[in-house]
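Features reported for this protein in Swiss-Prot:
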type: BINDING; residues: ASN7, ARG18, GLY192, GLY213, HIS214; note: 3-amino-2-oxopropyl phosphate binding site
type: BINDING; residues: ASP9, HIS10, ARG45, HIS50, THR100; note: 1-deoxy-D-xylulose 5-phosphate binding site
type: ACT_SITE; residues: HIS43; note: active site, proton acceptor
type: ACT_SITE; residues: GLU70; note: active site, proton acceptor
type: SITE; residues: GLU151; note: site 'Transition state stabilizer'
type: ACT_SITE; residues: HIS191; note: active site, proton donor
Amino acid sequence: MAKLGLNVDHIATVRQARGGSEPDPVTAAAIGELAGAEGITIHLREDRRHIQDRDLEILRRTVQTKLNLEMAATDEMVGIACRIRPEQCTLVPEKRQELTTEGGLDVLGNLAGITRATSSLREAGIVVSLFVDPTVEQIRASKESGADAIEIHTGRYAEARSEKSRHHELAAIREAIRLGNELGLTVHAGHGLNYVNILPLTGLAGIEEFNIGHSIISRAMLVGLDRAVREMVTLIRRP
């Protein structure tokens, strides 16, 4: 049965908007775990626009399930990760001008650097996942890099405007899951998923984890974080 990894980046986004100490992503993570999330995801960006080093350090000590650190494959971030040692690191592409991660990692085009980062992280006892588009080339390159897992970028599926386009993207995700499992990679999925578009994905065998943030935090503003997390967990676990 798939698990929910709750991304608390947007809690930090609200905090940073005023430069204060509230709301605290550490508190949000604890509420999320109590509500059924089986992992906490944060993205420590190079520009520190939301999650701060302090958040990572405290969450490493307080998260009771699994801490998943999203990060760029840079020497600085690899060094931080090897020092903090979260249970998992997910390597993602990063551009300073983007509002959020816009696409999958180009593993094929940056194989040497990603392999080097993956090796360093795995030597530190960290599970390594690569955030990739659902293409054969990127998934095979992910296996070649030595990664333990892939997180399928579901953004195109989430943004599809027609039924035909949605079916096309869903088919690509289904094939990506099949290939990932065939290659021995653990398969996760995330980006743009909400309480409606996740339903077709929960019926696909082979996905072990959904990483979701924006839609849950958005709903939490209306119904509270505990309820928002529980509702998503119920959808993911439905028979």
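Just so it is clear, glycine is given a Cβ too, placed from its N, Cα and C backbone atoms.
Note on proximity: among HIS10, HIS43, ARG45, GLU70, the recorded positions of the record, the Cα nearest GLY213 (3-amino-2-oxopropyl phosphate binding site) is that of HIS10. Using HIS214 (3-amino-2-oxopropyl phosphate binding site) as the reference Cα, a 10 A cut-off selects HIS10, HIS191 from the recorded positions HIS10, GLU70, HIS191.
The binding-site residues under consideration are GLY192, GLY213. Their Cβ neighbour counts within 10 Å are lowest for GLY192. Considering only the recorded positions ARG18, HIS191, the Cβ with the fewest other Cβ atoms within 10 Å is that of ARG18.
Counting in whole angstrom, HIS191 (active site, proton donor) lies 9 from GLU151 (site 'Transition state stabilizer') by their C-alpha atoms.
Counting every protein chain shown, the number of other Cβ atoms lying within 10 Å of the Cβ of GLU151 (site 'Transition state stabilizer') is 31. Taking the C-alpha atom of ARG45 (1-deoxy-D-xylulose 5-phosphate binding site) as reference, the shortest distance to any of the recorded positions ASN7, ARG18, GLU151, GLY192 belongs to ASN7.
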